[in-house]
Amino acid sequence: MSVRRTRKDDGSQWTVADSRSVYGIRHWGAGYFAINEAGRVEVRPNGPDSSPIDLYEQVDNLRKSGLSLPLLVRFPDILQDRVRQLTGAFDSNIARLEYQSQYTALYPIKVNQQEAVVENIIATQNVSIGLEAGSKPELMAVLALAPKGGTIVCNGYKDREFIRLALMGQKLGHNVFIVIEKESEVELVIEEAAELKVAPQVGLRVRLSSLASSKWADTGGEKSKFGLSAAQLLSVVERFRKAGLDQGIRLLHFHMGSQIANLADYQHGFKEAIRYYGELRKLGLPVDYIDVGGGLGVDYDGTHSRNASSINYDMDDYAGVVVGMLKEFCDAQSLPHPHIFSESGRSLTAHHAMLVVQVTDVEKHNDEVPKIADKESLPETVQWLVDLLGPTDIEMVTETYWRATHYMSDIATQYADGKISLAEKALGEQCYFAVCRRLYNSLKARQRSHRQVLDELNDKLADKYICNFSVFQSLPDTWAIGQVLPILPLHRLDEEPVRRAVLQDLTCDSDGKIKQYVDEQSIETSMPVHSLNEGEDYLLGIFLVGAYQEILGDMHNLFGDTDSVNIYQNPDGSVYHAGIETHDTIEDMLRYVHLSPEELMTHYRDKVASAKITPRERTYFLDALRLGLTRSSYLSS
């Protein structure tokens, strides 16, 4: 283990408490993740009062058992704890406000359809939990996995077969709601209900005018892909009334968007939504359920703010708004209190999964002070940079930086114009980065005049840590929508991270890197890291990847699924592993794009046979090619 380093600002010894602050784990960890006194990340799957699990130790054991990196690690116990927290928040507010109905949490399986995820959520004891499906494949899964009598809500665009399957689910004993998203679905429901001789339970999705501020705001508001306008709503009601099925309209549904950061935005939209409830009741419809959709967010960056990757509220605040506003409206209008559904899939699943990656290589600027024998022989601009390598008064730190940057710009121009040589340009660059490194060590984050330069140098001096994973396969939201995910080393957190780095993946794509990082209470373009120790793997954990990432991942450069494992905790604190799945092989990935490994081997044999190589080489080449098809698409770890 490396020698502990001292903090640059005040000279005191670095402690684990400093790492907790720098990586913000207390803020985004939600009581599940922490740093122990040994400087390692630990997880408490059943909440902050449960027994800790040393993540670095677990990953080491899993690697020794044959699993390889990158590794997706799931903690199904966290799923059940999240369900208990969410239902507990609603139940406590229902009791506190004397609300005269109940709450059921709906899990929309589009968030993560993995069997272990769905089964662990619905297996949570002593809670009311249902499932939501938005496509025929999802509905087929839900019909099998939902407990008998369980609630199933059917959203999304529907054809005749979708509606028939939903009605079959109702006849099989499930509490099924078919939510009308567009007018053309009405006749299909009427016809299929008559064919199956079942009275359908119908929900109506309204398209709100209100729009929340979030990365997914387009899923709500007037431009939403789904939902009925006011005129369409009245038309749908009338068509069901003419068919004699209007008394089956029992649910009102709306959706304002995912990851709503500001609770005030939600309150504004909810005020509009509950007006629809009142109007539908006035039309004589027996609406007694309201599905408030998604929106309950996750504090990814730990700032507890209205940033796009944060939220300025918690589960209890959210439940209090929903229950409180509904009760106030219903009491004022003398209306019954409806049963509440919410589709809080992101909040239920985000925390339960993390990705472990290994740093395989480092690229850094040469910021060592060069040895210069004859300064006078150098171009004038390079000489000026050499002069800046000497001591600088603290008052002149920022001015020295701006001068050095100006000189470096001149050097780049002179090289392009053919006025200086490649060697002279390289020396100028080394001098420039040596000046920047020296100035960086003199800057004080607490001094306002230093902050702009400090931010620029954090970018310029950041190393490139090449990591054994694919952003596109494992963290698609980080490149697609700029999602921020917390990242930190799993070990060495009792040492100061003296470098900064940008994490880059293995793909041949300029977007194959992580561009934003949680750094204390802010978002930065690089992250604090440790220098690598020779002979020791440096492992990073990327957290809160349990929602959407696994299912949205793609195969860019033919990087496939990673190894994965579910870690469970026994009541005595011990752990066991289940659901182990190994990585996609190169052969698997080639088959995905309809390249036959058998045909490829035939081509290999033909080329080896016609090549001017020795018999021994032929055997070696064919064995290597055959073995290569069975290997992981990632680098060997």
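Cβ from N, Cα, C; glycine included.
Copied over from Swiss-Prot:
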- I290, D291, V292, G293, G294, G295, L296, G297, V298, D299, Y300: substrate binding site (BINDING)
- K110: N6-(pyridoxal phosphate)lysine (MOD_RES)
The one of I290, V292, L296, V298 whose CB sees the fewest other CB atoms within 10 Å, among these binding-site residues: V298
In the chain carrying Y300 (substrate binding site), residues 6 or more apart in sequence that have Cβ under 8 angstroms from it: W28, S309, S310, A350, Q483, V484, L485, P486, V518, L544
Alpha-carbon spacing, V298 (substrate binding site) to K110 (N6-(pyridoxal phosphate)lysine), which is rounded to whole Å: 17
Cα-Cα distance linking I290 (substrate binding site) and K110 (N6-(pyridoxal phosphate)lysine), given in Å to the nearest integer: 20
Among K110, G294 [recorded positions], residue with fewest other Cβ within 10 Å: K110
Three-class DSSP secondary structure - I290 (substrate binding site): strand
